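Taken verbatim from TrEMBL:
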- 133, 166, 228: Zn(2+) 1 binding site (BINDING)
- 135: active site (ACT_SITE)
- 166, 201, 466: Zn(2+) 2 binding site (BINDING)
- 200: active site, proton acceptor (ACT_SITE)
- 328-386: domain 'Peptidase M20 dimerisation' (DOMAIN)
């Protein structure tokens, strides 16, 4: 008996030692930022961007004017069309070379959206699309803004206003970059498109979808699409050494589900043993435990952590279940690793002394890329598990396909190279976009959709997105212009270089 126990313990210790040795080797060998960074890129004569004092004043004035125009989308049927027309006039005034160049074809789509087609000198190179949107969500100074939300007021080097992040800084940055390139005589080898939707905040059914329709009529296929989405996170991810630029390679699906239960009403002085309110509350509490815990292998392997986190991140094959449980504890990281649920509306009762005849709750779900809408609905049905609760899908759609992010992925690697050209100390990694963008409408035109803009987010900045005190620094806005100025030129290479080495088995 003692000998048997001794053998078991020895075997266990040997197994633990072996696992530790393997994990240590993987930790020490992990270097995901090699590869194409050390490869021989095709030689290009990129134009340098130097912004003088006059240009700086002009570009900031144009950007501020864009923020002051309240291009608010209130609903799918209601938007500020007067503001959208005013924004059209601003674009034509701010970027005269873009609108007059023989290389650029401009057209209005669905009255208020814009499509720019930029001709390339080598038509055999597959074009790409830069996407942004004009509209913004509503904002009121009474919510607690430090500056009126449509004032574009400067405070300590930041420009405040609705749309400074979402999404007028990328929009104006793209066009400003193209304006400067055309002024300098730039003629692209690879043609590309710029799409500006006018109703992204209310699903893009008129703007983006009609831009897609136009491109489909012309049989356009795209190398990749780049839209808003993720950003440069600095001090946001615990344990990460330095800032990280996360490029969204997918975005979550969405669903709104209505749960309701009906029972006979009555007087509150004679309540039944099980009221419908209590019953629905129990079902919703059970429902909150529904979730998915897949590890974001590629994202976490690409991020640079110090010890002991690097040891864990390099060995997700061993620590993934534990890490998933840790990440779910914070709302910001929980959203990256699972399907989330949020009860957003609850309706019941008409009078304080009447037991309601009907109780209903609306649950909003953001569906992780590892699940489908149907799988989520099936799981809701099994979780609720009671015929008295009626389950209705109000609306919903599947997560977007996962775009490529390996060393042979043209779009991802061009975006990564451009980020590192401008921010050489930043770690670049793929991620999942937890919100939804206009880019989801373009999945029939390309296999690769990326969601990123080089907007810097420090702790607390994520709450400004659709919240109060949305802002961007003047320096960061210039960096956006520089990013798109370089990106357009970097896309002119014909193909990616051969990877330097296969440095780690992902």
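Placement of Cβ uses the backbone N, Cα and C atoms for every residue, glycine included.
Remember, it's a predicted structure, so these values are computed and weren't measured experimentally.
Shown on the structure are the features that TrEMBL records.
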residue	record	Cβ within 10 Å
133	Zn(2+) 1 binding site	28
135	active site	29
166	Zn(2+) 1 binding site	23
200	active site, proton acceptor	28
201	Zn(2+) 2 binding site	24
228	Zn(2+) 1 binding site	25
466	Zn(2+) 2 binding site	16
Neighbours of residue 135 (active site) among the binding-site residues 166, 201, 228 (Cα to Cα, within 10 Å): 166, 201
DSSP-derived helix, strand and coil totals, residue by residue, for the domain 'Peptidase M20 dimerisation' (328-386): 19 helix, 21 strand, 19 coil
Residue 200 (active site, proton acceptor) and residue 228 (Zn(2+) 1 binding site), distance between Cα atoms, whole Å: 11
Spatial neighbour of residue 200 (active site, proton acceptor) that is closest, considering only the binding-site residues 133, 166, 466 and their CA atoms: 133
Nearest-integer angstrom distance between the alpha carbons (Cα) of residue 166 (Zn(2+) 1 binding site) and residue 466 (Zn(2+) 2 binding site): 8
